[in-house]
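Asker: Please see the structure below; I have some questions.
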Amino acid sequence: MGATISINGITHHYKAGADPVLQNIENRIDSGECVVLIGRSGCGKSTLLHLIAGLLQPSEGCVKINGHQVVRPMAKWNMMFQKPSLYPWMNVRQNAGLGLEFAGRPKAEIRGRVDELLMLVGLSEYSEANVQSLSGGQQQRVALARSLATNPEVLLLDEPFSALDAFTRASLQKEVAAICRDFGITLVTVTHDIDEAILMADRVMIMNRNPGRIEQEFEVALDWPRDTAGVDFQARRRVLMEQFERSENVTPLGKPSRDRVALRRVGG
Amino acid sequence: MKAPSVSIPNQNAAGLSAVARRRLQAVTYPLAGIAIMFLCWWLGGWVLAGNPDTVIFAGFAPGPTLASLQQMLGEGALWDAIGASLYRIGAGLFWGCLLGIPLGIMVGYFTTAMQMANLPFQFLRMVSPLAWMPLAVMIFDSWDGAIVFLIAMAALWPILFSTAHGVRRIDPGWLKVARNLGAGGAQMLRKVILPAVMMDMMAGIRLAVGVAWVVLVPAEYLGVTSGLGYAINDARDTLDYSALAAVVLVIGVIGYGLDSLCGLLMRRFNWRMES
């Protein structure tokens with residue numbers, strides 16, 4: 001089952017007296033919902049994710065998960081990072097079961113749960129393999145199995161697919177979204193990829209910087225499974241792109257949107 | 001009719017593959033090195049024996065040395081000396097590890113500890129372990145205790161600094177993931193930090209073994225009546241140069257053996273996959 005996340009008036013500075021990285025963030029993410037955070041580099045997306053995970057404590061405000069204030073990281077709200085950060089001295093099975101080991105679960109239970117999850121992520125035959133011998137996509141699958149092993153209520157993804165090739169990325173995006181839907185896990189993802197946002201999200205939060213804030217929200221409202229080549233998907237993509245550009249007041253090339261509008265007018 | 005030519009890749013004129021050649025070289029080159037060393041040793045002995053002023057030192061030559069070695073091993077006195085020295089090295093390394101590993105982890109992990117400890121530790125590191133000799137004699141009520149202290153002082157710094165270096169090199173992602181999975185302090189240490197720094201720690205221990213073995217001989221010149229250092233001192237006092245050279249030979253062989261053992265352990269704990 002998932003969990004409800006309440007973000008209550010969060011402001012965060014990395015150093016006292018410095019400009020805030022995030023300012024007055026207020027939001028609620030429902031249990032089982034998938035929210036994607038998009039925005040340009042430096043807008044505080046990853047910081048917000050770290051605050052939700054309890055890896056950072058906000059300068060002001062608080063995050064509550066199912067009504068409990070997040071004061072430290074817990075396996076119940078698990079985060080996947082851009083780098084899988086697998087432990088090279090452990091094999092695939094040991095890496096995947098590490099969270100359960102930390103939780104003091106019996107060995108037989110860990111074994112059973114890890115077998116289940118390796119099957120889910122398609123790595124059963126690699127259970128005894130050295131993680132260094134796996135491809136980038138397979139390593140992220142191990143990291144996914146490791147994150148799911150502890151039955152998390154919340155899964156936080158900090159661009160874990162960004163370093164993968166396009167095919168692996170697309171298949172992992174679909175798999176993670178499907179797994180989270182099936183298990184009712186609340187999913188919060190950070191990405192720079194508009195397609196990923198439309199593919200995975202129930203709701204997209206568009207963030208802006210200086211100071212970091214949620215500028216706009218966008219309900220995707222598409223049925224599952226989603227077809228990236230479909231007309232509805234492309235229409236949502238276009239609308240999100242326009243909202244994103246409007247919120248930033250810049251074009252993707254970095255020019256003010258007024259210039260772009262003027263150019264459009266000139267071009268007819 | 002022309003016979004089809006068959007080419008065998010990776011073979012030289014003698015018919016050896018590149019791999020076999022490398023393996024052969026791995027054996028023959030060290031053997032050649034040892035042979036050259038023995039030749040130099042023999043030449044040295046021959047020069048000493050040929051000069052009336054130095055003929056008294058002719059016992060250093062390979063022949064008398066090996067004869068003395070055989071005799072000492074047969075009598076058992078050399079085994080006792082080896083046992084005593086290995087005990088002192090073991091005890092000194094034990095204390096060096098016991099202090100050096102936790103301190104290294106602390107200094108490597110906590111920036112403040114590093115900033116506070118760096119200067120004093122660098123200062124203490126530069127003091128020769130033998131300079132602590134008078135202090136050791138005063139502090140410890142047995143000669144053995146003083147020698148173990150000197151060896152521990154020699155072993156401490158390489159272990160401490162290598163461990164600290166290893167901790168500073170830990171991928172921050174490993175620590176973040178462990179925290180995120182709910183690891184407590186002891187779990188973090190046991191499952192992440194120690195395995196991650198194991199190779200650096202072993203490299204430090206290997207260095208420490210080398211330094212400690214070098215310090216052992218002069219340390220055993222202190223009041224004790226056992227050990228390889230004592231055996232050298234005793235042989236010098238009795239002008240038994242062949243026995244002295246035999247002990248030197250034994251020190252070299254055991255030192256090489258200890259270093260090889262450390263090398264094996266380093267390979268055992270090496271989790272980096274060779275590409």
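Backbone N, Cα and C define each Cβ position, glycine as well.
Positions annotated as domain 'ABC transmembrane type-1' by TrEMBL: B:82-262. The transmembrane segment annotation in TrEMBL covers B:26-44, B:93-111, B:123-140, B:146-167, B:207-232, B:244-266.
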Asker: Using a Cβ-Cβ cut-off of under 8 Å, list the residues of the same chain that are 6+ residues beyond the ends of the transmembrane segment (B:207-232) and lie near it.
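Answerer: Same-chain contacts beyond the flanks: 77-78, 80-82, 84-85, 88-89, 92-93, 96, 100, 129-130, 133, 137, 143-144, 146-147, 150-151, 154-159, 162, 243-244, 247-248, 250-251, 254-255, 258-259, 262.
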Asker: For the transmembrane segment (B:26-44), could you work out the same-chain residues 6 or more beyond its ends whose Cβ comes under 8 Å from its Cβ atoms?
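Answerer: Distant contacts of the transmembrane segment (B:26-44): 60-62.
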Asker: Hey, which bits of the same chain come close to the transmembrane segment (B:146-167), Cβ under 8 Å, at least six residues off its ends?
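Answerer: Those are 88-89, 91-93, 95-97, 99-101, 103-105, 107-109, 114, 121, 124-125, 129-130, 132-133, 136-137, 139-140, 193, 196-201, 203-205, 207-209, 211-212, 214-216, 219-220, 222, 224, 227, in sequence order.
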